Amino acid sequence: MQEKGKCPVTGMTKHKTSGGTTNQDWWPNQLNLKMLHQNPTMRNPMGERFNYAEEFKKLDFEALKNDLYALMTDSQEWWPADYGHYGPLFIRMAWHSAGTYRMGDGRGGAGTGNQRFAPLNSWPDNVNLDKARRLLWPIKQKYGKKISWADLMILAGNCALESMGFKTFGFAGGREDIWEPEEDIYWGQENEWLGDKRYSGDRELENPLAAVQMGLIYVNPEGPNGQPSALASGKDIRDTFARMAMNDEETVALVAGGHTFGKCHGAGSATHVGPEPEAANIEEQGLGWKNSMGSGKGIHTISSGIEGAWTPTPIKWDNSYLDTLFNYDWDLVKSPAGAWQWVPTDPTAADSVPDAHDPSKRHAPMMTTADLALRMDPIYGPIAKGFRENPEAFADAFGRAWFKLTHRDMGPRTRFLGPEVPTEELIWQDPVPAVDFELIDEDDITGLKGKIIDSGLSLSELVSTAWASASSFRGSDKRGGANGARIRLAPQKDWEVNQPEQLQTVLQALEKIQDTFNSAQSGKKRISLADLIVLAGCAGVEQAAKNAGFDVCVPFTPGRTDASQEQTEVESFSVLEPMADGFRNYSKGKYTISAEKLLVDRTQLLGLTAPEMTVLVGGMRVLNANYNKSQQGVLTKRPENLTNDFFVNLLDMDTAWKVTAEGGDMFEGIDRKTGELKWTGTGVDLVFGSNSELRAIAEVYASDDAKQKFVEDFVTAWNKVMNADRFDLA
């Protein structure tokens, strides 16, 4: 007889794919190395050879836009369009796709199509956006691999604006879809929707978060924690939008521009609304929030709980939002769903807004508490009034802010695809000059390497400077990196981690080599300082390998240029300053998060794997490239020799490790037999012997037959970091 609960084919216990106690349950503080291996090719149905950029170039862009325009007014019975136009719904979808971006760590945003997956597809703030994506499905189905979901959602928002009379600033494609939820994005510590444990002290929001509550994109529209105070809401809005890289003018333009269109939905109590998509029954086929009130759609729709439109013309671009905001005084009321909102005190406004589905009905406009902040806040108010008096300035500001919102996480313009990419260079895109000179060749590279090695700079100085320049890159929003040589500019030149005094010495020596080389050229051949910094690091690695007995050539590809201070927004770049860099054994202060976890986080931002992280840390230690030449973790008697000594000595069982007398994250390696001090290290060093997964990798590099493999793997990982921002090489 078949044993109960067993699979009749394999005998596997049922529910093996879910439930059960996981390693993370047993050991909650365990390092999450999965975040270093997200979206592997085996999860991607497009295959390893798929090139999205090439497929996008084959797209009939105008035909796609025409199909999107047609969809805007093709109301479907299963989810009828408000006012006969889906435009406002698609604007909200695009906005909420892009609006998860936060500049603190560059994560979130529209660049991956992650709104399709948990948790975002089930956030309270994204109620009924599942319907927007289903409305888009026939178009996605038609164009297939030529347009990603990530690009399509943003383009749909643009087409929505255009179909309602707004001229957009532009559109760029190039967002490639992911195929599973991200492991690396910290959305908050709360374990219930709309929780706000992220605040401490005097309403200080936890970094790097930007949204005020779990499951919201920005702020609570009813006011902080649902309390209807416009002034308090203004403070929340300013903090949140600033963390999403928007200044006050951009914030007012975005809110006023976005709320020019559509309406909010709160026809009845939230008790009518069923579970979100991830919790819905299988027969719902990925749709959530099934509504038991009336028809469950149209006039009975329940989304935010707020009910009504902002303007008399909800599907037309005009100044009516600002006119409505300033023309009336406002009374606080509750919506049919019980949410706080505001309506005009003037009774003549009661029939100024059309009904979204019944032409025989009229309504008063409404405003949320967050809307009133644009009028009541002492900074936002004058900006909003100025936009009201100058509609052209308002339209320009909204167009630019919308483009920034929807493209902020895409990185430099070299990644932008399509016929509608704006020609204007925008400061937030971190521009670098175009290459207007002849690049150096192999003979030049060889000669320059010799000059660098003979310059008097130590190998550790060459390596640490190149690392400082290139490792500023973060793959989340494609910012930073060696291109531009911004390490010589504010703010990077003054970052503590970059050792400003040593940095200036190295830069002066390299600039002298650069000037000598460029002055000797009769033609247009030049080397940029950005290239020379990287080349110097490569020369240092090569020499260190040679010192260890290995003859290797570290790859180098010229083509970087030098940005100016005018092309560098200091405040914007300040968020790239590392609070910790385990590769250099650096920490700016003491944090509640362990140094090991910060190392993994930085590794993920650099786009590195666990083996690459391991080999780089081991190599940087023996190259003596620590911050301030600290000897923590320099587990070698042969510094500046590219050996596997770090791993050999870390895993040596003749050494016992203990916390130093000072405690904290400092450790001493003691000879078990003599009791003598052999080494010192940090948690970042010891984790490669402590963590079982990292130890498994470290054992590979500590093996007797791995000396050459270590060098080769270090060079490969080094080259990856040096070229992390070279999208022109892709």
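Keep in mind that glycine also has a Cβ here, set from the backbone N, Cα and C atoms.
Keep in mind the model is a prediction, meaning the values are calculated, not measured.
What Swiss-Prot annotates here:
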type	residues	note
REGION	1-24	region 'Disordered'
SITE	R92	site 'Transition state stabilizer'
ACT_SITE	H96	active site, proton acceptor
BINDING	H259	heme b binding site
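All protein chains shown were included, and the count of other CB atoms within 10 Å of the CB of R92 (site 'Transition state stabilizer') stands at 25.
Secondary structure from DSSP puts H96 (active site, proton acceptor) in a helix. In the structure shown, the C-beta of H259 has more C-beta neighbours within 10 angstroms than that of any other entry among the recorded positions H96, H259. Straight-line distance linking the Cα atoms of the residue listed as 'active site, proton acceptor' and H259 (heme b binding site), rounded to a whole number, equals 14 Å. For the pair formed by the residue listed as 'heme b binding site' and R92 (site 'Transition state stabilizer'), distance between Cα atoms is given as 10 Å, rounded to the nearest Å.
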